[in-house]
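Below you will find the structure I want to go over with you.
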């Protein structure tokens, strides 16, 4: 990747005219493509494209009152209803004049009584299609002579009353009142509840005339609604001028949408102005260079054009909401030019910038793009748009930064680009070295992890919508008027034909009536059976025909005779006689058009080849979701669906929540996998990834703590901030690796770039915290919480964790900690931790219960011996060899002396024989891990003085125990033989027993004194010949003997080192010197060592002493290995490549006998 972009830079360096022509052509192409993008405002595109969501969305679009506007007409004199009615007529006339069917479907402002009478007469004349079981049971009681006579007398009384003229036609067509129940059902369609009719006009109970405008424009189409609402307001104001004392005001979803859009514009404009001023001031103060600031904005502008242009080719129609949300990605995209220009000030030219920062730039870009590309697999069109636009924006920006920006900057750098950053000194502080701060953050993270469960999703969309106080009052008033405090659930049946939809509706009505009977719903509103399906018609007319086949003649006779008695003319009931005299048959649905065009106008919807039948279920709000779930779980759910005004919101929230959980996991997996691929080490991947996970814990925890709820808007921003944190931690990790590799100070530049980027995002979005619109304010709140979280995590944890792996007490570790070594250490430590209490308990039991016998003591020592042997031979990654040059059996007691390198030395000695008494220092005696263990074994602290223990030790020797003393008294930090103390030699002289010298090699490399971390290696334990009290090789005086034995040890140890410290022995240490310096470096070093068999032949061919010069040493793995194996050979390593040479000479294990130079003097 680096080589490619460097070659592109070199190519265009001498062809800048060609580059600028290419840039202008690309800008022109992307502008042309972007201008052809078709935008849609449909928020339902955020729902996954499954059949259920499509059905709910389609039904809700046509069923719910989301596209209705209610107009209120009030008068100063509320009793002057005549004036209100004239004003209403005038307003309706104006609206009808200035609008068409593309804007208004229907205007309801009065009820036509003639129309209702016509419908009632139609029902009477077609009663065979409508009568149900209750009606037929009632009919059985009405066809007797006595009942018929009573009913005719009632009819005569009604006809002779003042209301007779209104119902005359109805009574004569149905003298037996067979349709009485049907008329009751018809009255359910009329205004009721908090409404009343005055001269057919609709009034609310507080005296305001009402007009309901059914808009043809969806509420989501802001621009078209704005034009319509402006027209509506103009008509209302003109009508008010014409009618003194009359005022109009309106309320509807379209107006709320416009209010929201207006408030969003005002909030955005205000916050943007403040943000632009602050950001520009910040950039000017930081860079003090108009060209650089212009290039920063040019980079992200090109990225935006690149994204929109390609979106036209890829998607065609694009969600404007998704693009609007994706615009937040400019806050991430701006990182690329910021980092580039920020680093430009510390190097000679742009070529060096590309070389230094292409790795973190591309890793951050690819991980973030990969994460956002996962959105396209969700199945939601808007989320797909979101993923594409965000990804293309980042790709376009980084391409501009890497291809064009280097040539647009001046030819020479080395002007500290970020030296004026107002937070420069602050962010340069090593926060990770403040242990209290790190501990506090860890504790806070744990506490926030508990409060993260308190973060919730805001399910009430009204709380993230903006309404004026007046609109809020109107909303509550409208709910009060329309629903009478009851919740409305829509139950829609659908079919490919009207007949199929009606059949499905009739099947569902049985279940709805069961819910009504059970009290789960309080009322069913809908067309009921007023539009019968063909199958119902067949059943109904058969029942009718069968009934009147039995009763027709008798009823005709009774009618004529009883009617004559009451004064009715002979032909008065001829219409009724025609109805009962006909043989009724199934008819077409068009026959029922009088019903369909009036009562069923809002209940039968035909769109896009589908017919939907609507039922309104009134119920308590707390039962709505349970009833909805029950209805949608029925067998008929394939042709019906239940939902309410909140169903789409709940589904969208559930979908977003599920999708973003899914996306979060997928994003996390993608980011983790690519980090692993790019950084080449699982340890570095965890360093870069851990802050991301912890920042998400902080975001959730702080939101739960401050009761900031996720909503449909800010959850997307929260994930974008997560992506921002991805870039920050990658840059921090790469900066740490760079400094560790070359010891060049670059992390400060990265920190300042991150601080500037975070400040821009913080100011740009954080200003929204002062917005009035709830959704925008929530964006500001999440920005404040999110940016605080990701910046804290990026600044603290990568340096802290990287320092744990590579540094100790301010100095480089000779071998950095790796996950493998760490797990090996934890395993070994856990084994010891589990075994130690068991051994201690065994010793305590032997000492406490029964008499303390020599046999028990010996059994305990054997236990220690076996466990030590088991542990030493099973240390992970360590091979242990034992050599006994003199065939020592340890049957004769002696003073065992041994060189001291590691905590493992004690176990190495204990594995030799069970009959040991070890003299330890106070540290070991008081050790919390094995202090009790050694006390039960009769080991003694040497701090009391050997003279005080002579008698006790003499007794132990008589019992066959050897005494173990480490004459150096402390572990050697570099594995060399330290000065010997005289205690062991004094003890051997006093007790007149032999010295048994034991040499341990490799333990100090496996577990060095400076670090409690196991390494891969070899342990060699060598028992050397005894040194008797009269051994002529050494002086008899114990003091002089101590010095001479030390020299003997040094000589023998050097021989062991020459034997075992081969290239293969040091190969693992050499490999570890190139860990955390980039995957390419580590791979090349490993490949070279493998290819040359650890350079065994090459090293063997060189002298052990003197001086050699090695040219073209590359990364220096050969010269480092050579210097470690041949410690007396002075090596001059020549490497002209500055990067390779600096990397090699900054390896932690470079010994004093190795020197790197650029060229031979």
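Glycine too: its Cβ is placed from the backbone N, Cα and C atoms.
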Given 581-601, 602-622, 623-643, 686-706, which one carries TrEMBL's transmembrane segment label?
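Within the set 581-601, 602-622, 623-643, 686-706, TrEMBL attaches transmembrane segment to 686-706.
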Of the residue ranges 294-314, 420-440, 441-461, 462-482, which one carries the transmembrane segment annotation in TrEMBL?
294-314
Quick one: sort out which of 783-805, 852-874, 875-897 is the transmembrane segment according to TrEMBL.
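Going through 783-805, 852-874, 875-897 one by one, TrEMBL gives transmembrane segment for 783-805.
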When you get a sec, could you say which of 555-575, 660-680, 723-743, 912-932 is annotated transmembrane segment by TrEMBL?
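Spelled out, TrEMBL records transmembrane segment over residues 660-680, not the other listed ranges.
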For the annotation transmembrane segment in TrEMBL, which listed range does it cover: 250-268, 269-287, 497-515?
269-287
Where else in the chain does the transmembrane segment (686-706) make close Cβ contacts, counting only residues six or more beyond its ends and a cut-off under 8 Å?
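Sequence-remote neighbours of the transmembrane segment (686-706) are 445, 447-456, 664, 668, 671-672, 675, 679, 718, 721-722, 725-726, 728-730, 732-733, 781-782, 785-786, 788-790, 792-794, 796-798, 801-802, 805, 819.
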Summarise the domain 'Phospholipid/glycerol acyltransferase' (894-1003) by DSSP state, stating how many residues are helix, strand and coil.
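Summed over the domain 'Phospholipid/glycerol acyltransferase' (894-1003), the classes give 42 helix, 24 strand, 44 coil.
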What parts of the chain pack near the transmembrane segment (783-805), using Cβ distances under 8 Å and only residues at least 6 beyond its ends?
427, 430-433, 437-438, 441, 683, 686-688, 690-692, 694-696, 698-699, 702-703, 706, 708, 717-718, 721-722, 724-725, 728-729, 732-733, 736-737, 740, 747, 751, 754-755, 758, 761-762, 765-766, 768-769, 813, 816-818, 1076
